[in-house]
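Marked as S-adenosyl-L-methionine binding site by TrEMBL: Glu114, Arg115, Asp168.
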Amino acid sequence: MIFKIKIINYANPEKLIFIKKIWNIQHDHTSQISLIIKPHRIELQNNLINSKKNIWVDFNIKKINLYKLDKKIKMIQAIKIKNTFNLNILDATAGLGKDAFIFVSYGYKVTMIERNPILSILLYDGLVRGLQNNDIKKLIKKNINLIYNTTLNIHQLKIQQPDIIYLDPMFPTRKKSLSKKEIRTIQNIVGYDTDADNLLLTCLPFAKKKVVVKRPKKSNYLANIKPNYIIPTKNHRFDIYVK
């Protein structure tokens, strides 16, 4: 499947050729969303909203320190398993990588899967730049990697079976951890995860230990399957399915 978007390239031609080939994207001059390829990073510009600031993925040590604040502790409570360490997490809805980076900052190993090519490009670029940062390159190289996969068949990927699978599907009025600009831009590109029920059904038999689903506080259970237990927060909840 070919994804069309306006492409503005300020980098060398080889970088553009590589991106087009790997992610199967084409230039569309009519698109209101632009992928801007700069020599130092790749950005996303959304002309559908009134914002002067572009979007990019940035993994850095300052964000690690911020993500260790207590406000993120409920997410870690949902993920961790008592007396078990060195867990492998599969983030099957990576988005802009914010939740995955929280897990990495707490010492977990994370594989990110992103089905949308544009978000996958931003994630890839963030990882490449992170590997050039002396403060964080060892952490990224050891604990996080990215897979671009356009299907729900994650069990067919050549990856280690994860201990935990984490899902945070995109739904209307969701993604409180993102700015309004990021929410609207992702919605313009991705839409909503209408196949989230099927994604859960695919993930349940694949996870070794449990599946954790981040949901709006008052929403229904995915696939109408009641979780084993729930960890509530102010605006959302974590549904935990134990194997």
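Heads up, the Cβ atoms here are built off N, Cα and C, so glycines get one too.
Source: prediction; values computed, not measured.
Taking the Cβ of Asp168 (S-adenosyl-L-methionine binding site) as centre and 10 Å as the limit, one finds 25 other Cβ atoms among all the protein chains shown. Farthest C-alpha pair in the S-adenosyl-L-methionine-binding residues Glu114, Arg115, Asp168: 13 Å apart. Taking the centroid of the Cβ atoms of Glu114, Arg115, Asp168 as the S-adenosyl-L-methionine site, the other same-chain residues with Cβ within 8 Å of it are Asp91, Ala92, Thr93, Ala94, Gly95, Met112, Ile113, Asn116, Leu119.
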